Amino acid sequence: MKILVCISHVPDTTSKINFTDNNTQFDTNGVQYVINPNDEFGLTRAMWFKEKQGASVEVVTVGGSEVEPTLRKALAIGADSATRVDAPALDGYAVAQELAAVVKNGGYDLVIAGRESIDYNGGMVPGMVAAMTGASFVNTCISLEIDGSTATATREIDGGKETVSATLPLIIGGQKGLVEESDLRIPNMRGIMMARKKPLNVVPSVATATETKTVSFEKPAPKGDVKLVAADNLDQLIDLLHNEAKAI
Amino acid sequence: MSVLVYTESEGGSFKKAAYEVASYGKGIADQLGTSVTAISFNANGAGDLGTYGVSKQLNITDSKLEKFNAAAYADAIAQAAKAEGATTVIISSSANSKYLGALLSVHLEAGYATNVMELPASTSPFTVKRSVFTNKAFAMTEISTANKLVGLANNSYGLKENTTDCSTEAFTPTLSDDDFKVQVQSVDKATDKVSIADADVVVSAGRGLKGPENWGMVEELAEVLGAATACSKPVSDMGWRPHGEHVGQTGKPVATNLYIAIGISGAIQHLAGVSSSKVKVVINTDPEAPFFKAADYGVVGDAFEVVPALIEKLKAFKAANA
């Protein structure tokens with residue numbers, strides 16, 4: 001089984017979000033980058049397929065050379081090889097075009113992506129790649145088993161979950177549940193040393209167009225002070241929620 | 001060239017999200033000087049579509065589409081958009097709409113903006129405000145393609161009445177075997193509980209509750225308020241509560257009218273995930289908990305005393321205001 005894991009290089013979840021150039025660019029100053037958490041759950045599940053079912057695991061991302069440390073981390077976790085598409089990640093559509101070309105060339109049985117990146121939250125790349133390549137698609141995937149040419153997946157739905165069967169090739173938009181938080185792996189020294197020798201291929205951009213463009217960013221308006229209510233005066237809380245906030 | 005809205009139904013009845021996209025679709029249609037057409041699957045009549053500004057309903061009746069199927073639904077909605085000559089298509093941010101959105105975007109060659117908060121700031125160029133960095137910021141995003149797909153953030157626009165005469169027509173898409181490569185085997189959904197996505201009120205609890213055996217009062221408070229229950233990340237990681245209840249940056253986003261956080265200190269990732277909620281109430285023993293800075297109302301106190309007392313007072317309030 002050939003698996004491709006699509007990785008997004010994103011600011012760590014604790015990052016302070018600021019903008020520069022008249023609020024048109026994300027301020028990368030002092031920001032630590034990580035593997036997008038939704039992708040890391042998928043990468044860890046891919047390691048399970050490698051160890052239990054002999055799968056090969058490649059990772060891919062779209063970006064400039066600054067994203068390579070994130071790919072090396074994926075290699076240190078255990079991926080066999082990495083590909084960087086040398087192009088700026090301009091919008092979801094452009095990234096999907098780049099990834100669709102890699103997917104078509106590679107003949108993968110399974111493509112694992114995260115349900116969304118935690119920076120731009122587009123949530124569209126996995127589905128677009130599926131539509132562009134004709135693969136089956138399961139989003140918000142929280143468990144996945146592969147048996148021969150069929151997959152059984154569970155997906156999170158509003159208020160519950162749903163079990164589906166799908167033919168391969170399959171693309172998933174994964175999230176927590178594919179593996180548990182405690183299953184995530186911190187690369188060890190041996191993994192880091194081996195990652196240096198693993199292939200990291202750089203391929204040229206093939207995307208021809210974008211469909212969307214961010215014109216500017218803004219931050220939420222600062223919040224007013226909290227109104228504190230004494231623990232022995234909950235009638236006041238109910239009164240505030242009913243008459244002031246109109247929430248009950 | 002109407003605006004097409006995908007109005008979701010369950011068991012034949014429209015969901016609240018359907019009326020919200022209808023309301024929003026009417027807002028855009030007014031900007032563009034056109035009308036709103038709704039596409040629905042196996043809906044039982046037109047419901048209140050007319051109340052929220054829809055002038056035409058296209059309803060698909062097909063037993064193969066009884067269960068949601070993203071590929072088939074996306075294909076059908078794309079065909080409806082083409083039949084109607086709709087260049088602007090609106091969907092919600094439900095799990096199902098987010099699932100089919102990207103597929104629909106490729107079918108329609110439509111630029112897709114997700115988590116959209118408001119009506120377009122301008123329709124030419126078509127510019128919308130969307131939430132990014134898990135609600136830590138907003139982006140003004142321009143869709144440059146001729147066809148446009150807007151994914152409206154839950155509970156952002158609200159329901160706006162705009163009573164219109166609504167006609168209903170049957171619509172029959174042409175579906176292929178390729179649309180059914182993913183098949184639903186079983187659905188596991190609590191039918192007696194409101195989901196986090198659909199709830200007007202969410203009651204959420206964290207490590208301050210000390211153990212899963214103490215969730216009875218959280219569930220009781222939720223029941224009194226008709227609320228969904230949720231939890232913080234550590235609580236789901238420790239297995240006290242199911243993953244589906246985890247709200248925050250790597251869990252579910254919450255955009256509800258009222259969010260009550262009990263024993264949750266308020267890590268930055270949690271605050272980001274719930275910040276779209278309109279009114280936030282925090283109950284915590286620690287007056288220094290970061291959540292107090294992000295909340296509208298706070299009670300500094302022991303959850304094991306405050307929550308049972310609050311339940312009793314709310315029951316009395318509900319009885320008096322019933």
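Each position is counted from 1, following the chain as shown.
A Cβ is built for glycine as well, from the same backbone N, Cα and C atoms used for every other residue.
Caution: TrEMBL annotation is automatic and unverified by curators.
The FAD site in TrEMBL is built from B:Gly263, B:Ile264, B:Ser265, B:Gly266, B:Ala267, B:Ile268, B:Gln269, B:His270, B:Asn284 plus one of B:Arg207, B:Arg241, namely B:Arg207. The Cβ of B:Ile264 (FAD binding site) has B:Ser204, B:Ala205, B:Gly206, B:Arg207, B:Gly208, B:Ser232, B:His270, B:Val282, B:Asn284, B:Ala289, B:Phe291 as same-chain neighbours under 8 Å, each 6 or more residues away in sequence. The DSSP secondary structure for B:Ile268 (FAD binding site) is helix. Each of the binding-site residues B:Arg207, B:His270 was scored by the number of other CB atoms within 10 Å of its CB, and the largest score is that of B:His270. Here the binding-site residues are B:Arg207, B:Ile264, B:Gly266, B:Ile268, B:His270, and the ones sitting under 8 angstroms from chain A, going by CB atoms, are B:Ile268. The FAD site in the record is lined by B:Arg207, B:Gly263, B:Ile264, B:Ser265, B:Gly266, B:Ala267, B:Ile268, B:Gln269, B:His270, B:Asn284, and its two most distant CA atoms lie 18 Å apart.
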